[in-house]
């Protein structure tokens, strides 16, 4: 009797020990949730700052000039020799006839980007018939004007502390009132290479550089990595040599990437004599860096193929190679592809080894081949972050956004591939 | 392995006649099969195993086993867990080659050919000695491709219609044709466990082997699927020699003509199945089949 009573009591009122256990469980769960919340908060903070800084870089300010392509400027046969900057200045002077002093004129000319002169030249060269006519032309505004329009320059601070003078503010307001100043989508950012002028700087060069570099990396590291993983996992005899190789591959995965850059500098550039700053060398260096990742991921996915499949194939008389090629490799492919794409994403975001092989140079031209000097996206970010102009801050953030977009796309692709090729049983 | 073979049969030819072999075997048998009681040898064997030892590194898993596999018989191998019956079975088509630490000595002959002879290629060997595993392991491919894979890699067919023919007859022999003929392109893994096992049997017989090795083919199946597979084994006996490793003594009693009892790596007793289960010669066999251990 007594015994049953105590048992019932136990069920109704949990013992102290049990209460303590539940409390410990709850505490543990709360810690986990707190850790996740904290890391998510940091990620959101990162994304928020980057987005709020960078989103404005996708817009650009333009000014409409009334340009008179007067015949006297083009007296010379050679159209390229004409004084296009002078033409821009003249247009500005006619639009703001009240500006007289030399100092003020200089400020006035500062409203438009040096690119305005190139644009006029392009127009004339494309269609010489416009000589002698008056055209309304939209030209890029200077980056300071752009910053003002994006409210990144505060009008309320004293004139001496601001890059735009009061008199320039007046002109700008006048232009806005006339509808001669507008902001729209910044195509330049996606179509041009690097530049000293923020309003002219774009990431096309860096994107193409990254593309060529990654193409080399993929073309080399995927076949080499898969072949190495298959040999080590399926064919290599298990002895001290194999162990040594395995340890070294694992060590290579942990080697700081700048060391690979030094290796590339010593071997590919100094010894083989490949050109500096080029995607081909960058690709080779990044191949070295991604190979361990791909080999390790490849071996893991080969290991996860159930041995019963190998037995089944061997049991019907398939040779070792047939077993691997027909059955094991197809089943391991999703894992290998995932590893490769993650390795590629790592390579896409890598800066340090590329600094060593000269891919940190200021390169204006958009690379057309594997042996043209090029920058890559992360290096471009690094270079822009170093520039003093205010307008490069938003360019930096925008470039980071582009890089992140590529990374997200690549990781999404990895997930998709895994889902698609995964064979269920 | 090679040294033991040549010690057993000096200047051993790749092919020797059954006649010559049986003479030699008689003289050997007195020594080698001393600890095996019953009737391990038959007159016209399909496979002949003599003095087989198997080692995993230093550990000996099989001790001096000598046994014949007859034509068109079901030979059941029973014994407690870890007694080496699966290890021995996997020696018969050299599946143990995949285990690097495994070493086999003694001689195993298929139709008079030593299958462990250095010049023997395992690919045709495994085409002649097929295998069905414990867990159904169809390839993650279509039912058709599961069957067609073996004939394809061995080049048994000239064209698609011959291949279709092989797939159909194999599935018919495995008693699976009626169930799957309308969905040959479905993945093999979509079948039920029992169907998958019969698919694996069909896959094994598609390359027309002489011997089929089955490693506990029913242990992953429910009783109904087991009954179907057992019936199938009985039918297949008319064309193939079948060696079955099984945990279930009743199953051995139902399907086999001869039964071999393994104990701790030793082959204790071989005999006609009804004799083993009713009147075993060896004390260990009796203890096992009466359920005193195992």
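We count from 1, first residue shown onward.
Heads up, the Cβ atoms here are built off N, Cα and C, so glycines get one too.
Range A:280-302 is the one annotated as transmembrane segment, of A:165-187, A:188-210, A:280-302 (source: TrEMBL). Listed as Cβ neighbours of the transmembrane segment (A:211-232) (distance under 8 Å, sequence separation of 6 or more from its ends, same chain) are residues 242, 245-246, 279-280, 282-284, 286-287, 290-291, 293-295, 297-299, 302, 324, 329, 336, 339-340, 343-344, 347-348, 367, 369-370, 374, 376. The largest share of C-beta pairs under 8 angstroms with the transmembrane segment (A:398-417) comes from A:31-51, of the ranges A:31-51, A:252-274, A:280-302.
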